[in-house]
């Protein structure tokens, strides 16, 4: 992939970065198949240029923004984030991108907007998994507006010093490090500001297992497995399990967003 | 297959003993474990090992259920290999379970206990495994003599529970309904159903 210039940021963690090989070969991107290796094998068919994002709904600057248009006003920075999958494995990834809030400010949300809805590209001829009718494509995700405006929430266009590989959600994706990985929607083509909580794909599939918030929480188990610990990917067969941190270690930055909420019911 | 070919195959079976099955059968597991240790199974060698051992166990279990219909419907007699295949299935299931306890959960008993008591797919997998234990223990001539062939056969009909439960365990662990595990379940149920159909029609 093409290398990307980015300034270092203060966002970093004290654990080892996951090898690039692991982060780019072990992916959940069902649009290219349900196996972990399927996205690498199949995502090369995805056309990422030209690319544009349609931003609409309750915004003053609705419109279709080309990728260059989005990137010309932002400074790309490298942020090393913990990444925790709902399947209880984790990585540490050096993303390259910018705060989602910068893009939202450009669109200028109206005062009544409360939520942000995201949508992945729907192009079955390039995304063979989308022919699977048991899955409600296109993939959709959402955040509350205050979550989306939190500086941690980022739009990534690269990782490991290079542009995003297709299997990791090229050319631009969301990264919300305090939530389970499936919230970090890939290959975004549409962003809509609304005053109602938007539907989200995994919640549509199994609402007893995947809630709207899906904050990383070691105390609230998935119905089929514990979320108290996680297996770091890339450390080989004997890698030690590590305890999962509340909000994936970002409690200082985001816990206040949920004050007064019962995180067991709002899982 | 024509009658002569079937006869020829059955002749070959008579000359080939069952014991090499144990050696040949255990090699893929040993090789897979070696590959996992050498980090050649991709980014998540643990899951690759755990899932593959489980899948081989399930395939071998289904193979044991195929012996009878092959004999009934195609006159191919592979019954002398059934014990070896069944025991191999048990060894792979044991390897699968040990991988879960040791490498996946890392002997973290609190979490394991919660899994075993709370999570349906784990419970189903455990029941399936536990039901295999008496079968593995009695898979020898001495046990047949001691129990008597009728009791022994009754006991080994536990297989009709083991196979569908093992397949169901596979179906339920996926995040969505997926074709492959569902096919195993269908084949398993079909082979068990064949027994009941056969019993009724005799």
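Glycine is no exception: its Cβ is also placed from the backbone N, Cα and C atoms.
Keep in mind that this is a model prediction, so the values were computed, not measured.
Taken from TrEMBL, the feature transmembrane segment covers B:12-36, B:56-73, B:85-103, B:119-137, B:158-175, B:181-197. Here TrEMBL flags B:53-166 as domain 'Ferric oxidoreductase'.
Residue counts for the domain 'Ferric oxidoreductase' (B:53-166) under DSSP, helix first, then strand, then coil, are 99 helix, 0 strand, 15 coil.
With a cut-off of 8 Å between Cβ atoms, the residues of this chain six or more beyond the transmembrane segment (B:158-175) that come close are 54-55, 57-58, 61-62, 64-65, 86, 93, 120-122, 124-125, 127-128, 131-132, 134-135, 181-182, 184-185, 187-189, 191-192, 195. For the transmembrane segment (B:12-36), same-chain residues at least 6 beyond its ends with a Cβ under 8 Å from one of its own Cβ atoms are 45-46, 48-49, 52-53, 56, 60, 77-78, 80-81, 83-85, 87-88, 91-92, 95. Remote same-chain residues near the transmembrane segment (B:181-197) are listed as 58, 61-62, 65-66, 68-69, 160, 163-164, 166-168, 170-171, 173-174 (criterion: CB distance under 8 Å, separation of at least six residues from the stretch ends).
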